[in-house]
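K.L.:
Below are the features I grabbed from Swiss-Prot:
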BINDING   Ser21, Lys45, Ala46, Asn99, Asn127, Lys165, Ile191, Gly217, Gly243, Gly244, Gly265, Thr266  FMN binding site
BINDING   Lys45, Asn69, Ala70, Ile71, Gly72, Leu73, Asn127, Asn192, Thr193  substrate binding site
ACT_SITE  Cys130  active site, nucleophile
Amino acid sequence: MNRLQVVLPGLNLKNPIIPASGCFGFGEEFAKLYDLSVLGGIMIKAATGEERYGNPTPRVAESGMGMLNAIGLQNPGVEGIIAQKLPFLRQFDTEIIANVAGSTPEEYEDVTRRISRDPVVKAIELNISCPNVKSGGLQFGTDPQMAAELTRRVKAVSEKPVYVKLSPNVTSIVEMAQAVEQAGADGLTMINTLVGMRIDVRTGQPILANRIGGLSGPAIKPVAVRMIHDVAQVVTIPIIGMGGVMEVDDVLEMIYAGASAVAIGTANFVNPFICQELITDLPKRMDELGIEHIMDIRGKAYGATLHRA
């Protein structure tokens, strides 16, 4: 028996550890360091309809217990990813999750339709934390009706299961989760970054050229755990948790809260071997805590009895 195996819609994960989108590129650099086949899955960098060059620099700023970033979805475009990036990933025995972003519902549909056809891709991660240019820049992920409609449209064209990535920058993440579940989402990934800002006191101006950025790292882990805990109690679809995971106990914490798998983001910048180390450390820590199978503890923080997927 594989004590770490997690089976989710479209995904047969040998373990629950997945590098998060935007923090692992397309795996090329990390593949020079270790065999990516050890990973449960890989969430690759976001794909948009056309190539994007990203925001002006500086794009990254350090913050206490975390970092701010405003990369701006830099990527070679969906056709560039399909032609240049996905072939490289075919050699690895791991589940590839394609992150899809856009500025209009039509762009999301187009990107999803194209990338979900590729046999390398096993699932879609729908990044709804993007501004809708047709709605005055309001983010898809901050309005339940808009998020639900986008989910429905993407589901209608996707050949693979769709996991919706939820933003914490909302009044009620529970309401958002329920809305996209009712619209047909196969799963959730959460949480995305918190919006933040840093100011250079020598100039009185924001450090980031974009002024604001997404806060990630250990500073946001308690927020992520609380939101996973709240959402897991009201949805029936699985959750891939993320937000500030730096060590093996952080992984267990998110699973206790209700996540089925855990994505690792900022920690990859601090320690490029972190995912490999977590996979090694997880069964050892489970032995110490008397945990037989990783799914035995899912949702136990709120007393739920959740069956093994």
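Any Cβ shown, glycine's included, is placed from N, Cα and C.
Describe each of these features in terms of where it is and what it packs against.
P.N.:
The secondary structure of Gly243 (FMN binding site), as reduced to three states from DSSP, is coil rather than helix or strand. Sequence-distant contacts (6 or more apart, same chain, Cβ under 8 Å) of Gly243 (FMN binding site) comprise Pro168, Met190, Ile191, Ser216, Ile220, Lys221, Val223, Ala224, Val225, Gly265.
Listed in sequence order, the residues of the same chain lying 6 or more apart from Asn127 (FMN binding site) and placing their CB within less than 8 Å of its CB are Ser21, Ala46, Asn99, Val100, Ala101, Lys165, Asn192. Asn127 (FMN binding site) falls within a strand when secondary structure is assigned with DSSP.
Cβ contacts within 10 Å of Cys130 (active site, nucleophile), excluding its own Cβ and spanning all protein chains shown: 23.
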K.L.:
So which of the binding-site residues is most packed in, judged by how many other Cβ atoms lie within 10 Å of its Cβ, out of Gly72, Gly265?
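P.N.:
When each Cβ's neighbours within 10 Å are tallied, Gly265 tops the list.
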K.L.:
Within 8 Å of the Cβ centre of Lys45, Asn69, Ala70, Ile71, Gly72, Leu73, Asn127, Asn192, Thr193, which other residues of the chain have their Cβ, at the recorded substrate site?
P.N.:
Gly22, Ala46, Gly214
K.L.:
I want to check the contact list for Lys45 (substrate binding site): same chain, sequence separation of six or more, C-beta distance under 8 angstroms. What comes out?
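P.N.:
When sequence neighbours closer than 6 are ignored, Lys45 (substrate binding site) has Ser21, Gly22, Phe24, Gly25, Phe26, Asn75, Ile81, Asn99 within Cβ distance under 8 Å.
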